[in-house]
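Residues or ranges marked as Mg(2+) binding site by Swiss-Prot on the basis of sequence analysis: ASP80, ASP82, ASP84. What Swiss-Prot lists as Zn(2+) binding site is CYS81, CYS98, CYS105, and the listing cites sequence analysis.
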Amino acid sequence: MSTSTKWLNEVKWDENGLVPVIAQEASTGDVLMFAWMNREALQRTAETGNAIYWSRSRRKLWHKGEESGHVQKVVELRIDCDNDVVLMKVEQVGGIACHTGRHSCFFQKYLADGRWETVEPVLKDPKDIYS
């Protein structure tokens with residue numbers, strides 16, 4: 001990979017120096033999760049080939065899968081037409097992206113009667129993932 005970081009200057013970072021990131025499973029097109037990256041996280045993600053996010057609550061870099069083993073191997077990075085959203089196509093190791101033990105964080109579906117319904121099963125109990 002190139003050691004140049006000029007490409008990072010093309011990203012439109014928000015007022016907090018962050019960019020929203022959508023993680024999409026490369027093989028299925030499933031949207032797995034939404035998170036944030038700062039400049040260092042995006043650069044290190046590109047360099048290592050593993051997803052590294054910025055945790056807004058903990059105010060530190062977060063290596064996806066560092067506790068669970070459910071790492072995301074980056075297949076492709078894209079940026080939208082306004083350069084302010086990153087799409088990251090990934091291979092989701094272990095098939096679980098969500099801390100709830102589900103494949104995707106988007107496991108609730110809106111129904112016409114005004115309710116949210118859980119439509120994806122828990123694949124592994126979070127207590128077994130994070131113990």
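Quick reminder: no glycine exception, Cβ is built from N, Cα and C everywhere.
For ASP84 (Mg(2+) binding site), the same-chain residues that are 6 or more apart in sequence and have a Cβ closer than 8 Å to its Cβ are VAL11, LYS12, ASP14, VAL19, PRO20. Long-range neighbours of ASP80 (Mg(2+) binding site) (same chain, six or more residues apart, CB within less than 8 Å of its CB): VAL86, LEU87. A gap of 25 Å separates the Cα atoms of CYS105 (Zn(2+) binding site) and ASP82 (Mg(2+) binding site). Those residues of the chain, other than ASP80, ASP82, ASP84, with a C-beta within 8 angstroms of the mean position of the Mg(2+) site C-beta atoms are LYS12, ILE79, CYS81, ASN83, VAL85.
CYS81 (Zn(2+) binding site) carries neither a helix nor a strand DSSP state and counts as coil.
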